[in-house]
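Residues or ranges marked as ATP binding site in TrEMBL: T185, K313. Annotated disulfide bond per TrEMBL: C114-C165, C125-C148, C131-C159, C220-C230, C264-C273, in sequence order. If you look up TrEMBL, you'll see N183 marked as N-linked glycosylation site. TrEMBL lists 32-50 with the feature transmembrane segment.
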Amino acid sequence: MGLRRFIKEYFQGFWDYETPKVMVVKNRTLGVIYRTVQFLVITYFVWYVFISQKAYQESETRPASSVYTLMKGTAAHGDVILDMVEYARPPEGGDVISTILRREFTYDQKQSTCAEYFKVAKANCTKDLDCVEGEVDFDGHGRRTGRCVQYYNYTFKTCEIQSWCPIEEYAVVREPPLVEAINFTVFIRNSIHFPRFKVLRGNIKDVSNKRGMHKYLNKCHYHEEKEPYCPNFRLGYIASKARENFTELCKTGGVIGVFINWKCNLDLDPSHCKPTYAFRRLDLRKDQSTSGYYYRFAKYYDKNGEKSRTLIKAYGIRLDIIVHGHAGKFSPIPTIISTVTALTSVGICTIICDWIMLTFIDKNEVYSERKFDELSSDITLTKATNVP
């Protein structure tokens, strides 16, 4: 019976109509709370939503972008003058470019047999039976021959391998770091296109003639206040802005992100759409054995029919150019939506004040009786009630 009665009352109550009732409560404390909350809500929407977040604008956050880079600079190593052909990778430029700061050489490697590096797992041995013929350790340097041989000029022995010999760890020659690279410059040309608004912008200052442009680009260096439109960035400046020590980077190398941020208010003239730059180290430095940036490459030679190579391990700075873009322009649709949202949110003031009135204010039971009425269809409503 209880369930049937509940279902009946729920079904009958489902068809009831509810309408707000206007009740004037003459309470100074409640009135101050109501107007204060109302003021805060309106201020939030006017200042933060409309002015700060520009909710009245239609926006585009995925623009099309292109990046071209070029490293510039020369350095002296003894009597040899080296240019960017020697140091810059890749030569064609793109959104990733690196420059070599320090090199390690292993000269005159040939395909032959030699002792495996002693720190490779299971490389140390005392007899031939300790070395499995044909076994390849992927952390090692080659294929084992099955022989246990003396480790170069040392007294202990390691397994013999077939590989490029001598191995790098034994015969490496380390070159001094290229400290002059602190004055190398990287030219970064970036163009960005917002197709929704048909706006195309670039990060290079507009100059009236090509001759003036060429002269300007040869002389300028980027500075966030003095030269914000110059696309030439000194490596020393990039390292300092990324809070990195350039001398340490020469030893271990590193990856630095160059962030180009375009935040454009297209209600103004497009000429006000300017990029800002930020620089940050991207590779992890917690583990010194895996941090930094380096890569290997080789130069091959053919002398008297015998092939040989020079292995080069290069440490350097790699720059990753990362472009973010956001553009906004006035549109009536987001303006209407934001305005309706703001007006609707003002209703939270009534909810808060009703909760305070019915919970904490004196005579809350009287307020509750006056606020909620249940009327039958045969009762005629009179004027609104004033509650003292």
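Each position is counted from 1, following the chain as shown.
Glycine too: its Cβ is placed from the backbone N, Cα and C atoms.
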Of C114, C131, C165, N183, C273, i.e. the recorded positions, those within 10 Å of C125 (disulfide bond) when Cα atoms are compared: C131
Tertiary contacts of the transmembrane segment (32-50), as residues 6+ beyond its ends and Cβ separation under 8 Å: 56, 338, 341-342, 345-346, 348-350, 352-353, 356
Those disulfide-bonded residues listed as C159, C220, C230, C264, C273, and which of them has the most Cβ atoms within 10 Å of its own Cβ: C159
Cβ contacts of C165 (disulfide bond) (under 8 Å, same chain, 6 or more positions away): Q109, K110, Q111, S112, T113, C114
Using Cα positions only, nearest of the disulfide-bonded residues to C230 (disulfide bond) (C131, C148, C159, C264, C273): C273
Set of same-chain residues at least 6 away whose C-beta sits under 8 angstroms from T185 (ATP binding site): M71, K72, G73, H221, N232, F233, R234, L235
Which of C114, C131, C148, the listed disulfide-bonded residues, has fewest other Cβ atoms within 10 Å: C148
Cβ packing number for N183 (N-linked glycosylation site), 10 Å threshold: 15
Integer Cα-Cα distance in angstrom, K313 (ATP binding site) to the residue listed as 'N-linked glycosylation site': 23
Residue pair C220 (disulfide bond), C148 (disulfide bond) - Cα distance, angstrom, rounded: 62
